[in-house]
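Engineer: Just lifted these from Swiss-Prot, have a look:
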type: BINDING; residues: Cys226, Cys229, Cys245, Cys248; note: Zn(2+) binding site
type: COMPBIAS; residues: 32-41; note: compositional bias 'Polar residues'
type: DOMAIN; residues: 222-491; note: domain 'CoA carboxyltransferase N-terminal'
type: ZN_FING; residues: 226-248; note: zinc finger
Amino acid sequence: MEKWWFNLILSNEELEHRCRLSKSMARPRPIGNTNGSQDPSINDRDKNGSDSGNYSFSNLDHLFDVKDNLSFIYDDTFLVRDSNGDSYSIYFDIENLIFEIDNDSFFLSKLESSFSNYLNSGSKNYNRYYDSYMYDTKYSWNNHINSYIDSYLCSEIRIDSYISSGIYNYSENYIYSYVWNGENVSTIKSRSSSIRTSANSSDINLKGRYNDFDINIKYRHLWVQCDNCYGLNYKKIFSSKMNICEQCGYHLKMSSSERIELSIDSGTWDPMNEDMVSTDPIEFHSEEEPYRDRIDSYQIKTGLTEAVQTGIGQLNGMPIAIGVMDFQFMGGSMGSVVGEKITRLIEYATNRSLPVIIVCASGGARMQEGSLSLMQMAKISSALYNYQLNKKLFYVSILTSPTTGGVTASFGMLGDIIIAEPNAYIAFAGKRVIEQTLNKTVPEGSQAAEYSFHKGLFDSIVPRNLLKGALSELLQLHGFFPLNHNSQVKR
């Protein structure tokens, strides 16, 4: 059971609230705004003090605004101090619906009475934040207390996504992604341990909290939410961080253009076959959206003509041929155009004796093109056979999340060196397909890169920020060296 300090301030007109948390329960120190209320009259009243019997509780319900917040702590004691400096211990046990106060006073009796009334009547008093579905059930009472506590936190704490890169071990903090005004990062790091909740006493769902706040919808122009820890990353600098979550290190998806910028030296990228587009070869029938219209919509959305970009460039001065698949374009599905562009890239590299790097990110063959999409597996594999076995050239396959289906069954696993990104989802058939087909449960994490690596499926797991250096060393190991400054790759 954890103990928390709260500082309550009451005024004659309304209930103001402030929050104080501290490592030392005997001597609490503020972590938020320590300058007092912005209202001078409230500051004066707080300094002078007044008889608790004169307090007006006409706006007491403001403290108990009901919102759909995440589950708070199930078994905690809060040390509460009113404006007179009197301290009280408030015990919450949400699971067993227990609310106890250790010191009887006018204020605390009103507070306890409010909670009792809530339990008995469902808190049917008017509340401008009230939702109709919160009237009864244990879930309602849970959220009632959550909002009570959140009202303190939100008054002093500013939502932000980044505390410190060194706080990864505190993923279960209730205030995991908050930054306190007026405190530097080192201070926050040192105090973060004091507000870490016990694993035995809390089960905090970070995803639920962010969904409650509608952060993705309201602030998606500012933040990128991590798929793993559900923390927020500042969008303006996210690309410079290589789309790696600053809070947990998870590798989020990248567009093909971002990967090209990451891997290829500036000013050396020369794309190939950009004008090649699909023409709906089998006239695929769709009740929702015609295939041709769907292609057009993805072209507008992504700025690409197809789900792969191919071309030549330099990697630390070494000329390479590279193809980068883009999952944002119809899930990176492999149709006839994708297969043709990759095949032409390999044939070009064969004629010029260039190393080939293909970055895979695909859901598999494109169903809208039927057997033509399946034939791309054989076509690309045939081109690689000539490239690798006959010409003895070097091919590196990079598997990113997700790499599944026909890509996994063909060129994705044919590299001389196969590299995967951390936590990448790599499989032939997806979890749901396997479970429905075999009627067996697929163990969690069995299709992650780390699991497959230990089974020998590929050669190495390389973090994104180290990838370019690793590729450079591999190329030099296989006899490829940087060009002279005056040399250029000619097509």
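Even glycines carry a Cβ here, placed using N, Cα and C.
So where do these features actually land, and what's packed around them?
Structural biologist: DSSP assigns Cys229 (Zn(2+) binding site) to coil, not to a helix or a strand.
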Engineer: What other residues of the same chain, not counting Cys226, Cys229, Cys245, Cys248, have a CB atom within 8 A of the CB centroid of the Zn(2+) site?
Structural biologist: Asp227, Asn228, Tyr230, Gly231, Asn233, Glu246, Gln247, Gly249, Tyr250
Engineer: Is Cys245 (Zn(2+) binding site) helix, strand or coil when read with DSSP?
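Structural biologist: Reduced to three states, the DSSP call for Cys245 (Zn(2+) binding site) is coil.
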Engineer: Tell me which residues of the chain lie with their Cβ under 8 angstroms from that of Cys226 (Zn(2+) binding site), as long as they are six or more apart in sequence?
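Structural biologist: Sequence-distant Cβ neighbours: Leu232, Asn233, Cys245, Gln247, Cys248, Tyr250, Leu252.
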Engineer: Look at each of the binding-site residues, Cys229, Cys245, Cys248, and point out the one with the fewest other Cβ atoms around it within 10 Å.
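Structural biologist: If we count Cβ atoms within 10 Å for the binding-site residues Cys229, Cys245, Cys248, the smallest count is at Cys248.
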